[in-house]
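According to TrEMBL, the features are:
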- 40-448: domain 'Aldehyde dehydrogenase' (DOMAIN)
- GLU226: active site (ACT_SITE)
- CYS260: active site (ACT_SITE)
Amino acid sequence: MEKVVELQRWQNEHIESEYDLERLFSEVRSGFVSQPCPDYQTRLEALKQLKGALIEQQKALVEALNADYGYRSQFDTTLGDLLPAISHINYTIKHLKKWMKSSRRESGLMLFPSQVRVEYQPLGVVGVIVPWNFPILLSVAPIVTAIAAGNRVMVKLSEYTPKTNQVLRMVFSAVEQRVYAVEGDVQIARCFSELPFDHLIFTGSTPVGRLVAQAAAKNLTPVTLELGGKSPVIVDNEVDLKHAVDAVMLGKSVNSGQICVAPDYVLVPQGKEQAFIQLYLQRYKAIYLKGGGADSVTQIINDAQFSRLKALLEDAKQHGAKVHAIEGVDVEGRRMLPHLISGVTEEMRVTQEEIFGPILPVFGYKSLSDVFAYINQKPRPLALYLISNDKVLQRQVVEHTHSGGVAINDTILHVAADDAPFGGIGDSGLGHYHGKEGFLTFSKAKTVLTSPNWLPRSRLLLRYRNWATRLLSKLFIR
């Protein structure tokens with residue numbers, strides 16, 4: 001009973017030191033040890049508690065994120081954060097019983113008549129480090145599959161979303177003794193990543209991801225890293241330019257481009273750069289600026305990020321690029337309207353760094369072979385987008401490029417596919433989660449061999465080693 005009271009206390013208190021963090025981890029670990037393999041009903045109830053709390057607090061979450069950003073559109077929070085999170089819970093509830101079943105495997109002639117099966121066992125305590133850009137979805141999605149796999153979860157929330165964190169702590173406390181939220185600065189984050197978790201998942205930038213992996217390596221903690229990179233969009237010569245513009249604009253405008261899978265740059269047929277740029281700005285103005293102001297545009301999260309984006313634009317101008325923007329619109333606060341860049345060269349920061357905002361370099365290409373060569377010489381991105389109806393080209397793009405995922409004639413929406421894994425490759429990440437793959441990520445696939453006790457195989461192998469070696473060699477080495 002004392003352990004239960006202690007864990008309940010931690011769900012409602014703030015971590016203020018490394019000592020508190022280690023004590024919490026110890027208590028959560030003890031809670032897991034006391035119930036190392038929760039049954040289906042226990043896991044199902046936890047998922048339902050999480051879903052119920054999210055639905056109950058949805059209005060508060062929208063308001064909190066709006067306050068943390070200075071302004072964040074309800075569309076971005078509802079469509080980008082809340083709905084995918086709840087959809088993921090619903091999908092997991094539907095498939096959980098099937099995922100938990102052991103898997104029968106072939107024993108083969110050499111092990112006959114033994115039986116072999118694979119049991120999916122909870123790992124223990126899973127750590128989740130959450131970014132500021134989609135704090136609901138990017139905390140809930142890994143929590144869901146970690147709970148489904150039978151684990152306890154500790155979550156490090158971003159210091160840049162304090163009001164949202166308060167609501168999320170209430171949401172997580174509804175999941176009885178399964179999820180524990182931690183807040184704090186960079187020092188707490190560093191200590192968090194050094195805890196001996198049974199698995200650690202981090203979503204954020206590639207440089208910080210490297211540091212998290214190094215810290216986890218001290219404990220041989222396996223990690224899933226959801227990072228980012230420069231996700232390209234390839235526009236086919238035969239496609240309707242309006243469709244291409246709308247597809248790119250969706251991915252670049254949601255959350256004002258502050259998404260790890262947002263289109264980072266666009267490759268259009270040479271000669272169509274200006275047509276793409278002008279149509280993009282016209283369509284944006286018609287859709288987002290109907291009343292003549294930018295009040296409905298989500299703000300950049302903080303002053304540091306806003307200054308970084310402005311510095312990218314200034315650097316591009318200094319190196320000879322042309323920046324195209326919408327003129328004559330009053331923009332207040334940290335709102336930033338789209339800035340498309342032409343005349344881009346490789347020494348510019350916009351070609352070297354992940355942009356993570358409403359800035360979009362536009363390149364012209366001569367041939368698709370040039371496109372593949374350009375993409376493949378860069379670090380592998382988290383996403384790659386193709387706007388084309390050409391089935392042959394679609395196949396070529398999938399086969400001749402490497403990325404975490406591909407979306408054809410859309411951008412960013414592949415992340416919402418509950419039945420498909422989500423993850424990066426190379427500099428854009430390590431491992432994956434979502435759906436069954438998430439369940440497997442947070443499970444130990446344990447092989448179990450069961451032999452009948454009447455079987456004298458071990459005794460015979462010990463007694464007739466030479467004869468068994470000759471016989472088995474003739475049967476199996478061929």
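Note that Cβ sites are derived from N, Cα and C of the backbone, with glycine treated the same way.
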Whole-number Å distance between the CA of GLU226 (active site) and the CA of CYS260 (active site)?
9
Counting every protein chain shown, other Cβ atoms within 10 Å of the Cβ of GLU226 (active site) number 27
Specify the secondary structure state of GLU226 (active site) as given by DSSP, simplified to three classes.
strand
Near CYS260 (active site), which residues of its chain come within a Cβ-Cβ distance under 8 Å, counting only those 6 or more away in sequence?
PRO131, ASN133, THR203, GLU226, LEU227, GLY228, PHE356, LEU382
